[in-house]
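In what follows, a single structure is set out as structure tokens and then discussed.
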Amino acid sequence: MGGAVVDEGPTGIKAPDGGWGWAVLFGCFVITGFSYAFPKAVSVFFKELMREFGIGYSDTAWISSILLAMLYGTGPLCSVCVNRFGCRPVMLAGGLLASLGMVAASFCGSIIQLYLTTGVITGLGLALNFQPSLIMLNRYFNKRRPMANGLAAAGSPVFLCALSPLGQLLQDHYGWRGGFLILGGLLLNCCVCAALMRPLEASRPGSGPGPQRPARRLLDLSVFRDRGFVIYAVAASIMVLGLFVPPVFVVSYAKDLGVPDTQAAFLLTVLGFIDIFARPAAGFITGLKKVRPYSVYLFSFSMFFNGFTDLTGSTASDYGGLVVFCIFFGISYGMVGALQFEVLMAIVGTQKFSSAIGLVLLLEAIAVLIGPPSGGKLLDATHVYQYVFLLAGAEVLASSLVLVLGNFFCIKKRPEAAVEEGERHKPPVDVRVDSREVEHFLKAEPEKNGEVVHTPETSV
């Protein structure tokens, strides 16, 4: 499958790490906020939808489930579109689709129509914005990329804190139909963010032709030949099985302990507030020179920290214990959110990132659909919330072990055959090398194509 990327950065271009990149970062912040917070914010309207259509909570909950499934499961489709048309056109189309879905939903007369409009159309529109925005962020930032990823990821908790009360306010004043219509208008801001995604252009000295762009596959499946990518994809899929379970059940857990509804709902506010600061902080720390080569191990630690927090949270017996759990869960959850795409970028590089992220999101979509329902079935069978938290913690802990052990045993140690091959091609000891050539190589090579040199640690 052939096709060139319309706005793919020319070969050899260096990431500016600033300048217009800050506008791209702002657009990515907004897109990330809408993409992750919108499926949760829509749940504010569920009770009114239940009264309107005479349905149960499980029927309305499918709206958020379909939104998330579209956001994750359409990853390969987004990769194909980006590799064929470029990031900016895909994001413009996605912003229009997301807005159109919510506007159409305000005229719906049945829950099935809401599944199609709010779930499928709006979900697809958000997906067509989210993935290209990360790709553009990767092109504009290299040395400051961990910090940029952390700041962009902070859009999720910030927008969640803003959209949920806004949705409640709109419902109180205009009903669910008016609220959906206004939210559809807000989603047009995705088109504004898309306009910020200006393609990088290489300077052309003199009148000579610029660098040629290599032909692109619409979906590059060769990433599966990269052991680092395979290990990352397996670990991320296992992680997602348990990562989203505690936020779904923590409020019900508190109510089961006899906590009033208002105080129980405040737990998510605590979690989100901590998350806002944890993501940028994790990005800044990862961007430090001495820390960045070990970003994979830091990501593995953040998963281990998250899983361990789930296990200890299962022992909470009062409201104070759950507040402490939400604080530490917010820290670890923010670390995971800030590092997950940074590590993937370091593994596959700029050229294959658009295909890699699409395939990873597809694998995670399956886990997202399995994780919370499996926790719900366990709760129905046992009626013990502690078991749900223990299961989620065990799954996240297992993912951290898969990543760190896979990195240590499968990637860091070179096969003996490769070592012998390298020995055979070593230059003779007495060969003299011009020191000026060595200095030029050391200075120029790490910045080739705007990427850092991948060490075993940064390549998983």
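Using the three backbone atoms N, Cα and C, a Cβ is placed for every residue, glycine included.
Database features, via TrEMBL:
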type: TRANSMEM; residues: 20-39; note: transmembrane segment
type: DOMAIN; residues: 21-418; note: domain 'Major facilitator superfamily (MFS) profile'
type: TRANSMEM; residues: 60-85; note: transmembrane segment
type: TRANSMEM; residues: 97-130; note: transmembrane segment
type: TRANSMEM; residues: 151-170; note: transmembrane segment
type: TRANSMEM; residues: 176-197; note: transmembrane segment
type: TRANSMEM; residues: 229-252; note: transmembrane segment
type: TRANSMEM; residues: 264-282; note: transmembrane segment
type: TRANSMEM; residues: 294-313; note: transmembrane segment
type: TRANSMEM; residues: 319-341; note: transmembrane segment
type: TRANSMEM; residues: 353-372; note: transmembrane segment
type: TRANSMEM; residues: 384-405; note: transmembrane segment
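At the 8 Å Cβ threshold, with sequence separation of at least 6, the transmembrane segment (60-85) lacks contact with the transmembrane segment (151-170), having fewer than 3 such pairs. Taking pairs at least six residues apart, the transmembrane segment (151-170) and the transmembrane segment (97-130) share fewer than three Cβ pairs below 8 Å and do not count as touching. Only pairs six or more apart in sequence are counted, and the transmembrane segment (384-405) with the transmembrane segment (97-130) gives fewer than three Cβ pairs under 8 Å, not enough to call it a contact.
The stretch in closest packing with the transmembrane segment (319-341), judged by the count of Cβ pairs under 8 Å and taken from 176-197, 264-282, 353-372, is 264-282. Long-range contacts of the transmembrane segment (353-372) within its own chain (CB-CB distance under 8 A, at least 6 residues past either end) are made by residues 5, 65, 68-69, 71-80, 82-83, 131, 134-135, 138, 217, 219-221, 223-224, 229, 232-233, 236-238, 240-245, 248, 341, 344-345, 347, 392, 395. Within its own chain, the transmembrane segment (229-252) is flanked in space by residues 223, 264-265, 267-268, 271, 303, 306-307, 310, 313, 322, 325-326, 329, 333, 336, 340, 343-344, 347-348, 356, 359-360, 363-364, 366-368, 370-372, 374-375, 379, 385, 388-389, 391-396, 398-400, 402-403, 406-407, 410-411, 460, which lie at least six positions past its ends and keep a Cβ under 8 Å from the stretch.
Taking Cβ pairs closer than 8 Å, the transmembrane segment (97-130) reaches residues 31-32, 34-35, 38-39, 42, 49, 53, 55, 59-60, 62-63, 65-72, 74-75, 77-78, 81, 90-91, 177-178, 180-181, 183-185, 187-188, 190-191, 193-194 in its own chain, all 6 or more past its ends.
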